[in-house]
Every structure is written in structure tokens, then in C-alpha cells.
Number of protein chains: 2
Amino acid sequence: MKIVHQINQVKGMIREVRQKGGTIGFVPTMGYLHEGHLSLMRRAKVEQAVVVASIFVNPLQFGPKEDLAVYPRDLERDSVLAESADVDILFVPAVEEMYPQGVKRFLTVVDVAAITGVLCGAARPGHFRGVTTVVNKLFHIVEPDAAYFGQKDAQQVTVIKRMVEDLNMNISIVTVPTVREADGLALSSRNVFLNVAERRAALVLHQSLQAAVRLLAGGCRSAAAIRAAMTALIAAEPLASIDYIAVVDRDSLAEIAAISGPVLIALAVRIGKTRLIDNMVWEG
Amino acid sequence: MKIVHQINQVKGMIREVRQKGGTIGFVPTMGYLHEGHLSLMRRAKVEQAVVVASIFVNPLQFGPKEDLAVYPRDLERDSVLAESADVDILFVPAVEEMYPQGVKRFLTVVDVAAITGVLCGAARPGHFRGVTTVVNKLFHIVEPDAAYFGQKDAQQVTVIKRMVEDLNMNISIVTVPTVREADGLALSSRNVFLNVAERRAALVLHQSLQAAVRLLAGGCRSAAAIRAAMTALIAAEPLASIDYIAVVDRDSLAEIAAISGPVLIALAVRIGKTRLIDNMVWEG
């Protein structure tokens, strides 16, 4: 595995792969890798000749009061993990490499309307603009055949798919299932912020999704009833406070009242100071 | 020359060119071709194996009160002209092909801040967002090695160069000199709107730029003095009304008061109902 910090160096390596006719799979991450990231890398390796992963904690997608400064970073550990998942090229640009004029003087943004103002976008204004802008840049740097994203960030997947479709980008977006701890907690780099009591309380996200599944399996088709059951379950946990619980169409992210087909059930919950998300898709 | 209407068809043809190792030059236009467009195509043909030109009157870059409905169109004539300039592939998508959900339900925009709010951007809010969005789409469809733009649309060139740089797109932007009528009028598809008296009056754009050159050649380095001389000359023409006269840095488009190096002098003038633009770069 090669670790590369310069855009031009990555572009040069990508050109060589292309000249030999190799396909490229890409896994963009913010690092502090866990089994969820590694599952994306392994999936990419199965499907593509060469796997490029990036580690970049993108300032553009953090709000002024968010956890940019304390977002966990550990390049040494990440390198070992990425190599263990057969990554060929690990691209780790500095902020100055991605935003040479500085983040505040960077002029071009890629913005997806409507579907970025709901769910996580409602609580994190500008977040998805930062995501689509940096992913657009990374897509041009790596020019992959396919890029791999985790289902855990369901809205991110929907938004990026829409960007790729709207801008006619020649990239397949592959969604890989959420990886969970044995007790159901979805893996997240932010889980490291949880103390023992919070770690236990964080189970309410998955438990509330399981409650939703039970209701759906029992024939309930009312989004309001499902949200109410999830809300009650989470409200019973003193360390948890709900940001949102949403029952929406997977592509438009529009709210669904009466469930008649596939539906995305997504939620964001603060456990102490840590904001966690989780979701499931009910195939209908 | 092949005329193609479908995105997938163009992408297929581009793939074939790439497999044979051919380079691709791209000339995006709104059609109603004139010698200015043809000069871009000929330049592309000199530098690249295959030339793709597009004709698309992009609704996204016209304001609600602008001339989208009456913008001149003549595909038959354009085809003959493009073929005469050795274009290999003429891409002519319908609006529904570029914006399948409809223009108003299209979600993703590419927006360059700051440098799009001045000069033409001040009078045409949203115009450059429409330009960068459609050019971004076209760049992904054609994936050219180089794209060719006329110096006549100086701000457009600056904005597109910035988009390509900021988003790390792998495309060279080539600027080709403005083509003029014998009497100096810059070629424009909108010149067709001018009646005989307006055609004569339209000469003030070029004449005012020539006046600026004379002042600069005579040692004048005051932008205010240059703007004043240009303003006086245009004010003397009853059919002309000034939208803007700007003396700016070529890259940042920031106003320059005391000229000490290369400078872009650009203007927009209404001749009757027709808004015309012209510019020159003083190399300093």
C-alpha cells in the first residue's frame, strides 16, 4: 500500500492504473477507521482491480459549533487497518492541499437542494454542501469506476447518488450494509466519545429501529405510530435526546405518512454530547 | 460528422475514442454558430484528435425576463458550419435529456462564489450558476482533454477556469481570441437582433475599448480616467445605455484603481433591447 499526500501524485498513479486497463474502486473516509470502513474497502477490492481510500477530515462539512477540532484522528493505526483490507493507495491530503486558498476563500461549491435540508441537513446547515463539494473534488482526483459508501449514512448516500446522476458523473455508487457491534450499535468513529454509561444508552438507536421492524412486521403501516413507538422508547433513556426520527422515501427523502412500499426509517439521537445516527430500510 | 442527441450515445462514442488512445477537444456552445465558434472548433481540431461540439440553449442560465424564448436557433445551418470546421461529433441534447426531472426540479448546482456576483453576474443573478452547472454536466458527458472558450465571454472563462481548478477537474481550459467583424464589432449570436441603426451604434463597444488602449498606450494608469473616457464615448450614442464598464484583475475580477500590470477591461452595453458585451486584456 502506498500512502500519498499530493493530488498530482495520486492523479499520476491513477493514470498508470488506467493505462494498464485496471478498474478503480474508491472509499472516501474521514479516517479513524473501523470495521464499517474496512467492509467498504474489502467490497471494493472484490469488485475492482485497484482500491483507493482517502482519509480527509473535511473542514467544509463541519459547522462552527461542531466537533471538527476533536474529531478522532490516528493515521498510524488507520494505515495498518487500510493495508489489512488490501487498499492499494491511501490518499491523505492536508487541508492546504484540498483548499489551497484556504477554506474561507474557496469559491466553488456543489450543492444539492431540497434533500439536503431535511433529516441531518436540518440540524447541520451546510453539512451536505461540504460533503458534496469534497466528494466531487475527490471523484475528479481519483476518477473511480465505483465509489463505496456505508448505508449507515443513508442520507449521504442518497445525496451523493443524486449529485452523480444530476452532474452526469461516470461513477457507480455502491451502498454497503451498516456494520454493527454484537449488541447492535452501528459502528461510528464518534462512538469513541461515549463513556460506559453512554455506550449502554446508545443502544436505544438500534433498539428503536428494531421496535419499528416489529411494528411493520405486525402489519402497522402508520408512520406516526412507528415514530411514536420509537420516541417513547428513546424518551425512556435519560442520557438520550432525539434530534429527529424520520419515515421517508429513500430517494426523495420526502415524509411518508402511510407506508405502502420501501421506506427509510432514520434517526439522529444525542447521547450526552455525542450525536449518533442510524437507519434501516424496510423493503415493503 | 455525427449528430447525437442522447447522453449515453455520446458517452459510448467517447469511450471508443479513448480506447483508441485519441484525445478529445470540446467546444460547448448555445448554437447559432458564427466565425467565433468556428475558430474554437478549428483550434480544437489542430490540438486534439477528435472534436466534440455541443449545441444547447441552457434554460438554467437565462433569467425569467431574459431572451431564452427568442434566442436564435438554426440547427440545420449550425450542422453545416460545424462540419465545415471539422467537428467530429455534434452533441445536441433536448432540455429533457439534460434535465430529466425538469429544470425546476433539478436539484444539483455548481456555484462559484464572489467572482460570479460582479460584472455580468451583477445584472444577471443566477446566470453563472446556470453556466457552471451545465458546463460541469457537459464536461462529465464528454470528458475532454481540453475545452475551448472565447475570450469574448471573459468572465465566463475566468469562472470556468476557477470551477475546474477548485473541483480538481482534469481538463485544460483554452481561451481563444475574440473574432470581430471588419469594423470591430465582436461576433455574437445576439447581433442578429440588431437593426441597421443599432448595428451601427453597437460599434461603440469596440470603439470605447480602443479609446482605453490609446489612453493606456499614452501612459494613463488610472482606471477611473479610462472608465470616464469610455463612458463619455458611449453616452454620446443615443441608442446605447451602459450596463457596466469594469477595470479588473483577470483572475479575481476585483476592481483595480491604479493599473500596474495585466488588466481586464470589460463592458456590457444595451443597444436598443439587445445586451452586448466586449472586453480586452491589457498585458501591462
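Including glycine, each Cβ sits where the backbone N, Cα and C put it.
In the three-state DSSP assignment, the secondary structure recorded for B:HIS37 (active site, proton donor) is helix. The Cβ of B:HIS37 (active site, proton donor) lies under 8 Å from the Cβ of B:VAL27, B:THR29, B:ALA53, B:LEU81, B:ALA85, B:GLY150, each on the same chain and at least six residues away in sequence. The annotation active site, proton donor is assigned in TrEMBL to B:HIS37.
Residues or ranges marked as ATP binding site by TrEMBL: B:30-37, B:150-153, B:VAL179, B:187-190. Annotation for B:GLN151 (ATP binding site): spatial neighbours B:VAL157, B:THR175, B:VAL176, B:PRO177, B:THR178, B:ASN279, B:VAL281, criterion Cβ-Cβ under 8 Å with sequence separation of six or more.
In three-state terms derived from DSSP, B:GLN61 ((R)-pantoate binding site) belongs to a helical segment. All protein chains considered, the CB of B:GLN61 ((R)-pantoate binding site) has 21 other CB atoms within 10 Å. Taken from TrEMBL, the feature (R)-pantoate binding site applies to B:GLN61, B:GLN156.
The beta-alanine binding site annotation in TrEMBL covers B:GLN61.
Taking Cβ-Cβ distances under 8 Å and a sequence gap of 6 or more within the same chain, the neighbours of B:GLN156 ((R)-pantoate binding site) are B:PHE128, B:VAL131, B:PHE149.
Cα to Cα, B:LEU33 (ATP binding site) and B:GLN61 ((R)-pantoate binding site) are separated by 18 Å. Non-local contacts of B:MET30 (ATP binding site) by the CB criterion (under 8 A, 6+ apart in sequence, same chain) comprise B:ILE55, B:PHE56, B:VAL57, B:ASN58, B:TYR71, B:SER189. On its own chain, B:VAL179 (ATP binding site) has B:HIS34, B:GLU35, B:GLY36, B:SER39, B:GLY150, B:LYS152, B:ALA186, B:LEU187 as residues at least 6 apart in sequence with a Cβ closer than 8 Å to its own Cβ. Cβ contacts within 10 Å of B:SER189 (ATP binding site), excluding its own Cβ and spanning all protein chains shown: 19.
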